[in-house]
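> Mind looking over this structure? Questions follow.
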Amino acid sequence: MSLYAPNPFFVDWIRQQYLDRITEFVTSKDESNHMHISLHVGNAQMEAATPSQPATAPTTAPATNGYANPFQSVSSTSRQSAPSSSFPQNNLNAKFTFGNFVEGKSNQLARAAAEQVAENPGISYNPLLIYGGVGLGKTHLMHSVGNLILQDKPDSKIVYLHSERFMANMVKALQSNSMDAFKNYYRSVDALLIDDIQFFANKGRTQEEFFHTFNNLIEKNKQVIITCDRYPKEIEGLEERLKSRFGWGLTVAIEPPDLETRVAILMSKANHSNIELPHEVAFFIAKRIRSNVRELEGALKRVIANAQFTGRAITLDFVKDALKDLIAAQDKLISIDNIQKTVATYYKIKVSDLLSKRRSRSITRPRQMAMTLAKKLTNHSLPEIGDAFGGRDHTTVLHACRKIEELKSESVDIEEDYSNLLRTLST
Ligand SMILES: Nc1ncnc2c1ncn2[C@@H]1O[C@H](COP(=O)(O)OP(=O)(O)OP(=O)(O)O)[C@@H](O)[C@H]1O
């Protein structure tokens, strides 16, 4: 049996995603006969009449209510009247919702903005840009928006994709002369959710294409949501015109969660897995695993798996043992040493300057910043931190922490330095 699709994308896509299922389905109708199905570019009637004519839309193409993705990276509703109910596949992860996103100081703004966008897509903030280090919930929030829009308006065409996928699809389209289909597809959506935009850096052609898609969607009041692992203006190799357009809507940061939020996330995840997690255990894990939520989740999964495997109760001692290598790795990662090196590199000074007695502003500020970060990110006491900074007194460390706190609220530069360093050290 021959099936026809309008272009090589469809052929590839159907071969990879559906051919087995189609074969199985057709064979199940006539079990005596294993049907061989071949896929071609073209159209059945045309093929029969004049095989050499250019392909047009096939009569046998899947019914897709107009937005099947020939580029294999779609997200949209699954409400299809197509041969297969999962046509096209839905890239929105239904598990990522606002309901299971734990709110804390570090993500409050991003979450509120995302909720606003989900309630008024294309109207409130367009584009919405969420940035922050890895594993902090950007993708989760993005999917939550998509899922909520779909819940309210199931017919909406939502496309979620990673920016590398956008690029790969564009390259495929270029290779097979299908740029029109590519453009039409991405410009026909109600919301485009595009993850990790930093991957566009130095990809001129992709940026060009995205630029036009972006403009087209924004002009039509279609929602665009973008995530990025850093403040977009910091991305080298990203065109200025894109950077400036990203700022048209709202740009919000997600910071690493504070201790209380980490505990709340653990409790919530454990609760969803029907696991009773003693509070002191959640507190212990949250205190030791600080880098990001993905790591936190990983640690909890490991604890749960170990407990189920060994049949032991989740006590503090059990968890200390189950996570000992992870904790050792974390401790190594955020050592005072590491903080000093990172801060020195950031401010382009030497580590020895941080430890020295020099008191010029260009050294004092970075030193205070490094002390503050050491207090925040390690378990060391004030005297231990003072010691590590050339044998200073604990009151100096305390003063440094207060000073930076004060400066952060007065100076955007200091606030930005602090956030940048925190992000670098926490990821
Ligand atoms: N506030 C939160 N509440 C509940 N779960 C969270 C929260 N933040 C992150 N997570 C979970 O942590 C994991 C990582 O989150 P996510 O993939 O959204 O991170 P990300 O910021 O997009 O990272 P990356 O930059 O690596 O793509 C996911 O399983 C997500 O559900």
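Including glycine, each Cβ sits where the backbone N, Cα and C put it.
Residues or ranges marked as ATP binding site by TrEMBL: Gly135, Gly137, Lys138, Thr139. Per TrEMBL, the feature compositional bias 'Low complexity' maps to 48-64, 73-86. Residues or ranges marked as domain 'AAA+ ATPase' in TrEMBL: 124-255. Positions annotated as domain 'Chromosomal replication initiator DnaA C-terminal' by TrEMBL: 335-404. For 1-81, the entry in TrEMBL reads region 'Domain I, interacts with DnaA modulators'. According to TrEMBL, the feature region 'Domain IV, binds dsDNA' maps to 308-427.
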> Cβ within 8 Å of the ATP site's Cβ centroid: which residues qualify beyond Gly135, Gly137, Lys138, Thr139?
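Neighbours within 8 Å of the Cβ centroid, excluding Gly135, Gly137, Lys138, Thr139: Gly132, Val134, Leu136, His140, Leu141, Thr227, Ile254, Val293, Arg294.
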> Is it possible to list how many residues within the domain 'AAA+ ATPase' (124-255) are helical, extended or coil according to DSSP?
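Per-class counts: 67 helix, 24 strand, 41 coil.
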> Which residues in the same chain, at least 6 apart in sequence, have a Cβ under 8 Å from the Cβ of Gly137 (ATP binding site)?
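Listed in sequence order, they are Phe101, Asn107, Ala110, Ile254, Val293.
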> Using DSSP, how many residues of the region 'Domain IV, binds dsDNA' (308-427) fall into helix, strand and coil, respectively?
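Within the region 'Domain IV, binds dsDNA' (308-427) the tally stands at 93 helix, 0 strand, 27 coil.
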> Can you name the residues of this chain that are 6 or more positions from Thr139 (ATP binding site) yet have a C-beta less than 8 Å from its C-beta?
Phe96, Asp195, Thr227
> Take the domain 'Chromosomal replication initiator DnaA C-terminal' (335-404) and average the pLDDT across it for me.
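Average per-residue pLDDT within the domain 'Chromosomal replication initiator DnaA C-terminal' (335-404): 92.
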> Looking at the binding-site residues Gly135, Lys138, which sits with the largest number of other Cβ atoms within 10 Å of its Cβ?
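For the binding-site residues Gly135, Lys138, the Cβ with the most other Cβ atoms within 10 Å is Lys138.
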